[in-house]
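K.L.:
Supplied in structure tokens, the structure appears directly below.
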């Protein structure tokens, strides 16, 4: 009987030592960091698991191109052959985009994946951890994980939140997906001491939507202002943690709010009718949102990611110039 691809055993390592598990930086990323050039980390889960093939590869290349156009160096993060890689070449990017056996890796999965010689695409928690460890100060993603609906019954919360509370990196995102419990997520970030600033907005974005309706305490209006916040945090010292820059998708690119609210209400009703609960809720809601909006939610997702990547690169450039 054929094996599950995720169960395949890799060839044993030759004399594996501590260095065998050190993240491997591409020559371009290493040179940029050593000379103080701006670098932006990018996650790979959106490439391997978030988009249909072959569009995922073209989007991956597009996002790296947006970083370069803004004057920074892209560092897409992934695990290949049991080695964390920060900065991928063209062949490696194609491998992540084209191999269905590439696993989804959060921070907790990194050590087992490295030891097993596995291939994996990194989520927000894994990417933020590896990027910060390499000395990269800015990371762009679509949206953060957060507190899930029905938290009181199942205590389902993304690992992103705790990891960001102890990882020194600036994360540019479009908030959290509106299928999550947005007020509870913001409360959790406050409890964990993670600052959130709205970029050009007084409200926390709703990922597919420009606004979730929830206010933010601080607003910045330029990459230079964000760079100044980064400098102030570094000068203050104290506990290490992330800075969240919440960048709303442009109103012209957001999912139609009326359509969003109607589809989400229908999907929540379907959840209750089918008895779906716990960890099954979020994947079900995401699938329903994609299907019932006929792909419009995916386009809003991509618009948000593009905006975040461009802004992250501009912030990285401003932070490098301020040093």
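In case you wondered, yes, glycine gets a Cβ from its N, Cα and C as well.
These came from Swiss-Prot, pasted as-is:
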| type | residues | note |
| --- | --- | --- |
| ACT_SITE | 43 | active site, proton donor |
| ACT_SITE | 177 | active site, nucleophile |
| BINDING | 104, 124, 158, 159, 160 | substrate binding site |
| BINDING | 156 | Mn(2+) binding site |
K.L.:
Check the Cα distances from the residue listed as 'active site, proton donor' to each of the recorded positions 124, 158, 177 and keep only the ones within 10 Å.
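P.N.:
Taking 124, 158, 177 one by one, the ones whose Cα falls within 10 Å of the residue listed as 'active site, proton donor' are 124.
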K.L.:
Write out, in the order they occur in the sequence, the residues of the chain not among 104, 124, 158, 159, 160 that have a C-beta within 8 Å of the mean position of the C-beta atoms of the recorded substrate site.
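P.N.:
Sorted by sequence, the hits are 106, 107, 123, 125, 126, 144, 145, 163.
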K.L.:
Please report the Cα separation of residue 159 (substrate binding site) and the residue listed as 'active site, nucleophile' in Å, rounded to an integer.
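P.N.:
Residue 159 (substrate binding site) and the residue listed as 'active site, nucleophile' have their Cα atoms 15 Å apart.
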K.L.:
Under 8 Å Cβ-Cβ from residue 104 (substrate binding site), six or more apart in the same chain: what's there?
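P.N.:
Residue 104 (substrate binding site) has long-range Cβ partners 45, 48, 49, 120, 121, 123.
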K.L.:
Residues with Cβ closer than 8 Å to the Cβ of residue 177 (active site, nucleophile), same chain and 6+ apart in sequence?
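P.N.:
In sequence order, 143, 146, 206, 207, 208, 286 meet the Cβ cut-off.
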K.L.:
Among the binding-site residues listed here (124, 159), identify the one with the smallest other-Cβ count within 10 Å.
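P.N.:
Looking at the binding-site residues 124, 159, the Cβ with the fewest others within 10 Å is that of 159.
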K.L.:
Quick one: largest C-alpha distance among 104, 124, 158, 159, 160, binding substrate per the record, in angstrom?
P.N.:
14
K.L.:
Provide the three-state secondary structure of residue 104 (substrate binding site) computed with DSSP.
P.N.:
strand
K.L.:
Could you list the residues of the same chain, at least six apart in sequence, whose Cβ is under 8 A from the Cβ of residue 158 (substrate binding site)?
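P.N.:
Within the chain, residue 158 (substrate binding site) has Cβ neighbours under 8 Å at 124, 125, 144, 145, 146, 147, 148.
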K.L.:
Within 10 Å of the Cβ of residue 43 (active site, proton donor), how many other Cβ atoms can you find? Include all protein chains, please.
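P.N.:
So the Cβ neighbour count for residue 43 (active site, proton donor) comes to 27.
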K.L.:
Based on DSSP, name the secondary structure state of the residue listed as 'active site, proton donor': helix, strand or coil.
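P.N.:
Coil, per DSSP.
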K.L.:
For residue 160 (substrate binding site), write down the residues of its own chain that are at least 6 apart in sequence and whose Cβ falls under 8 Å from its Cβ; none is a fine answer.
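P.N.:
Those within reach of residue 160 (substrate binding site), by Cβ under 8 Å and sequence separation of 6 or more, are 123, 124, 125, 128, 144, 145, 146.
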